[in-house]
């Protein structure tokens, strides 16, 4: 895992992926009783409507808000560069995920900075091949697609792991790396 920026600053930066846990989407919990259990004080129709419509809407809105929050974390100049170089944050996610899924065997999916062009680029490296040494790109974000990174939880379903990894990316760190490399 990366622990040092390779931008000539020589200062230590936190790991790019934070921790490898994943946040699952929130779901509407089942009630521990039947909708009609509160009758005659509160009828089943009111309970069913409140639970399946109103409470469900709150849960769905929470999920939407958390997705927007993840995008907002990649803010400022980094977000503008992502939009400039990939069209949108969603397109960037799709491209990096596709590159990471496409790694045959073990390796890494990368967001790197091309200092000559002043652009962000996506790359994939097999095995332990270093991004900067093989492509010249300065590493900003690395996604480990070696099976040991996800197999116990996601088995051999790499796309599910890659969908979840976006919930734990340390965007403050990626932004720090980007700003340091632009100097």
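Here, residue 1 is simply the first one shown, and the rest follow in order.
For all residues, glycine too, the Cβ spot is worked out from N, Cα and C.
Neighbour list (residue 148 (Mn(2+) binding site), Cβ cut-off 8 Å, at least 6 residues apart, same chain): empty. According to TrEMBL, the feature Mn(2+) binding site maps to 50, 144, 148.
As annotated by TrEMBL, domain 'Manganese/iron superoxide dismutase C-terminal' applies to 75-177.
Look at the Cβ of each of the binding-site residues 50, 144 and count the other Cβ atoms within 10 Å; the largest number goes with 144.
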